[in-house]
Amino acid sequence: MLRAALPLLGLPLAAAGAAEEPTQEPGSWGEPPPGLALFRWQWHEVEAPYLVALWILVASLAKIVFHLSRKVTSLVPESCLLILLGLVLGGIVLAVAKKAEYQLEPGTFFLFLLPPIVLDSGYFMPSRLFFDNLGAILTYAVVGTLWNAFTTGAALWGLQQAGLVAPRVQAGLLDFLLFGSLISAVDPVAVLAVFEEVHVNETLFIIVFGESLLNDAVTVVLYKVCNSFVEMGSANVQVTDYLKGVASLFVVSLGGAAVGLVFAFLLALTTRFTKRVRIIEPLLVFLLAYAAYLTAEMASLSAILAVTMCGLGCKKYVEANISHKSRTAVKYTMKTLASCAETVIFMLLGISAVDSSKWAWDSGLVLGTLFFILFFRALGVVLQTWMLNQFRLVPLDKIDQVVMSYGGLRGAVAFALVILLDRTKVPAKDYFVATTIVVVFFTVIVQGLTIKPLVKWLKVKRSEHHKPTLNQELHEHTFDHILAAVEDVVGHHGYHYWRDRWEQFDKKYLSQLLMRRSAYRIRDQIWDVYYRLNIRDAISFVDQGGHVLSSTGLTLPSMPSRNSVAETSVTNLLRESGSGACLDLQVIDTVRSGRDREDAVMHHLLCGGLYKPRRRYKASCSRHFISEDAQERQDKEIFQQNMKRRLESFKSTKHNICFTKNKPRTRKASRKKKDGVANAEATNGKPPRDLGFQDTAAVILTVESEEEEESDSSETEKEDDEGIIFVARATSEVLQEGKFSGSLEICPSPRIIPPSPTCAEKELPWKSGQGDLAVYVSSETTKIVPVDMQTGWNQSISSLESLASPPCTQAPTLTRLPPHPLGTEEPQAPLDLSSDPRPSFAFPPSLAKAGRSRSESSADISQQQELQPLMGHKNHTHLSPGTANSHWCIQFNRGGRL
Amino acid sequence: MGSRSSHAALIPDVENIRRETGFSQASLLRLYHRFRALDRSKKGYLSRVDLQQIGALAVNPLGDRIIDSFFPDGSQRVDFSGFVRVLAHFRPIDDDTGVRDPKQPEPLNSRTNKLRFAFQLYDLDQDGKISRHEMLQVLRLMVGVQVTEEQLESITDRTVQEADEDGDGAVSFLEFTKSLEKMDIEQKMSIRILK
């Protein structure tokens, strides 16, 4: 199919067009081998995949072009643009080739293009919301679709009987019912494409979208039943056939769902055992989901339902089992595939429409169909909503109904189904094709274009993201339990009761079975929120630099009530994975710039502030195992981090104290602090250092890392750096803009440790695995000053005070290096440092003294810490902002390189 | 049920209860039957034991507290009107939220009252504040998985800090309300059948 079709796409691209010519040549000359050919043109061997790739490339390029103009994309949904592009391409092809031989092939569509989209939507479906509205969704999907199919079919037949359809359209009641069944189903691809750009409220979205997914079963059954009836001829249809038709509805839908759930179970179970082969985790997800689709398709069950259920069912367990990197990989691959498929579908739809040989126009039929699908959709929605509202806690109001009626978009599924019709059995096929195309175009383009203004005009409640708070999460759980309990007391076993039962069952058996133990331990929603909040705090804390330093020392940035200062873009960061439902099923597409920026910012911040995301200095050699040196890398990290901190503390003692003050006192720190330090040092395999000297910021960060480690417990697998890896590319942009730029200008070169950017990219996720404790030194490592500066400080304090020259200061510090391979590399370090001295660098003697006094008596620390923040705040943030910023600049700068 | 069920008049003091709780006749009747069914020994009131018999309540982490809420002020029995009054908190909010007589007390199913009901489940000593300790207890019930006591405490600290605005280390009802202001309480604390 693609083989035949894709050259057409290639034609406009002169290259591909030209490339096609030589395809014949090797074949025709092939007989006498003229010796060793220096150059052989083997187009035919690569033709098919080459064209597929080109195809997708064109679609992607088109997307890029569309998004160049924000204005256009904010007004016109992408699907419209793609269809129009398809039309144009199709037109060009038609003009060049004088014939249109390509269209959206049902086989490709159902086997390759549809599954990714459905999987994506199933997997990222907000399950709580989905099940909360399951009743309504099912009603609209089943009753609504049946209603639409029969009324539309019957009305068209009536139209024909009334003589409004040209007599050349040879179709009986069954034909029209068949047509009605295929045209009636709301299309998930179209709905998704349009609705995710219109941010309506969650309930509305989930109802329309859920309907479009679940009605597949009904559509498939209706279509098949009607089709076979038409093929049998209406005279031969027995009563039992009707009964069978009804029965098949259940078989197809329940069967499809069952297949999906079985595969979801298998998938969850498999991922439980992938601890040592993390690299295949994403693959497993896709393979098994696809297997579910194919299996259902094979058994002629509802494949869409199967994949939806598979995604919906497995997500919780899979997400818990697979590593964080895999999670990111799954997410991005899924989104990429879905977006890709969607793009291609719409483009092909446009191209197919040009193929006039399949068209047969009948105005009566076309207009009648258009009117009927709109009318009956609206009528059906109103009737069903009225019925549903009798049972719904929160009734769907009129505006909701308007949007639901109007959101009934038809799409590629209808088109693929109508193409599948057999012309010999359905003589009116060409008319149906034309009508379907018009309907699809009308709904996608006209309704797609107008739905946004409509939603705005009707003031439909929009969805809003708000970040989860611990309180909300906790209380939500409480409410669930309260409601379940009240239902018990009332003696009515309703939704809450069963949900509660299910959760208990899930917790007791299913989760135990399907989640690996360590994952199970940390898989609590409240804990999850807590964990996220902590990360967010860390980020926004670092983000703010020293600005939150208040004498109370209590400001937690993520606290909603006080975070006016802390309210940066970063604080919204985790909203997507937050407990609140995120309706943007393709959120990475729609809000790309914002998210990426946030991610990028966070990336830097974490880079600078936490150990974990930075364990990537060493160039990894293995391509097959990503988990090898996690431990040692981490040790190295910690070591490096400490070293860096110390260096920085040389430079700007005060900030670090401030930094210290805020964090540890407020958070879990004080309790865990000692613990964390001891632990970190133990893992470092180094003798305990003097806490007094060691930059306290580093201590805290250690705590952070410990904290996370604890949550992962026995396995060292990390729940690390939320969404960091994939955003690294956006970093440079981020750094150029906004508030960081200022600080960058002020102190352009405080970087001490040049990171190795390539490493970060080359390396696959570091993963668990217990490495040995020896600290590994790669060439990158050596860029860090491998010194124990505590001694250095003590020994060279005088020279420091006399003249601030960092290189000199560093050199003696090497003396008391712990038994450590790093020592061998030491000469590089001073060099590296000296190459990058800040011109303004100078140690104020008073500060140095303060630092020393700290180092000398650790008992003094707390006192110092009480005092320092005020001091530091005043001195640096206000008096010398440049210096104050330098500390952070270091990290931002580094992040930029990553 | 049979003939009994058609007579709402059987319920003692039915009009007053209706006015107070806003339940429909049918709901009251339904609840009354439930009440009678729970009251196994036909003593005309429910004791704690009666409610504890409900199987699912035993596994509900908040089961005990909810049972307690039926027995305010340490009383040992709850009659039908008390029973209904508690359940009235979960009646969905009426659509016609137009003019309400300002003299009348706020209906039991108002947002505030729903929240207050939840609040008093936390506030065990009923001092109008959720102390850190009380929060810890709730969290211990709610955080299902095995987190260590330390972790639990840090979650608690965090939770209290998050909601605590006046810095007294406890969550007052006002702060509690505020922390939930974005949540659709009317929907989350209602049960449809209790019209």
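Cβ from N, Cα, C; glycine included.
Curation plays no part in TrEMBL annotations; they are all automatic predictions.
Residues or ranges marked as compositional bias 'Basic residues' by TrEMBL: A:662-674.
As annotated by TrEMBL, domain 'Cation/H+ exchanger transmembrane' applies to A:56-457.
Summarising the annotation, TrEMBL assigns region 'Disordered' to A:661-694 (among others).
Summarising the annotation, TrEMBL assigns region 'Disordered' to A:803-866 (among others).
The signal peptide annotation in TrEMBL covers A:1-16.
Here TrEMBL flags A:48-68 (among others) as transmembrane segment.
Per TrEMBL, transmembrane segment is recorded for A:80-97 (among others).
The transmembrane segment annotation in TrEMBL covers A:109-125 (among others). Non-local neighbours of the transmembrane segment (A:109-125) in the same chain are 188-189, 192, 206, 209-210, 213, 286, 289-290, 293-294, 297, 303-304, 307-312, 314-315, 330-331, 334-335, 337-338, 340-342, 344-345, 348, 412-413, 416, 582, 585-586; each lies 6+ residues outside the stretch with a CB under 8 Å from one of its CB atoms.
Residues annotated as transmembrane segment in TrEMBL: A:137-159 (among others).
Taking Cβ pairs closer than 8 Å, the transmembrane segment (A:171-195) reaches residues 77-79, 114, 117-118, 121, 145, 148-154, 156-157, 160, 205, 208-209, 211-213, 215-216, 218-219, 222-223, 226-227, 229-230, 234, 304, 342, 345-346, 369, 373, 407-414, 417-418, 421, 426-428, 431-432, 435-436, 439-440, 443-444, 447-448, 451, 585-586 in its own chain, all 6 or more past its ends. Annotation source TrEMBL lists transmembrane segment at A:171-195 (among others).
The feature transmembrane segment is assigned by TrEMBL to A:204-225 (among others). Sequence-distant contacts of the transmembrane segment (A:204-225) (same chain, at least 6 residues past either end, Cβ-Cβ under 8 Å): 118, 121-122, 125-126, 129-130, 133-134, 136-138, 140-142, 144-146, 149, 178, 181-182, 184-188, 190-192, 195, 245, 248-249, 252-253, 256, 300, 302-305, 308, 396, 400, 403-404, 407-408, 413, 417, 460-461, 463, 581, 583, 585.
The annotation transmembrane segment is assigned in TrEMBL to A:245-269 (among others).
Positions annotated as transmembrane segment by TrEMBL: A:336-354 (among others).
Annotated transmembrane segment per TrEMBL: A:366-387 (among others), in sequence order.
The annotation transmembrane segment is assigned in TrEMBL to A:399-419 (among others).
For the transmembrane segment (A:431-451), the list of distant contacts is 75-77, 79-80, 83-84, 169, 171, 179, 182-183, 187, 190, 193-194, 198, 346, 349, 352-353, 358-362, 365-366, 369-370, 373, 403, 406-412, 414-415, 418-419, 421: same-chain residues at least six beyond its ends, Cβ to Cβ under 8 Å. According to TrEMBL, the feature transmembrane segment maps to A:431-451 (among others).
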>> Short question: most Cβ pairs under 8 Å with the transmembrane segment (A:366-387), which of A:48-68, A:137-159, A:336-354, A:399-419?
In response: A:137-159
>> Does the structure show the transmembrane segment (A:48-68) and the transmembrane segment (A:336-354) touching, where I'm treating 3 or more Cβ pairs under 8 angstroms (sequence separation 6 or more) as a contact?
In response: yes
> Residues of the same chain, at least six outside the transmembrane segment (A:399-419), with any C-beta under 8 angstroms of its C-beta?
Replying inline: 103-106, 109-110, 113-114, 140, 179, 182-183, 185-191, 194-195, 200, 203-204, 207-208, 216, 219, 223, 345-346, 348-349, 352, 358, 373-374, 377-378, 381-382, 385, 429, 432-433, 436-437, 439-440, 443-444, 447-448, 450-451, 454-455, 458-460
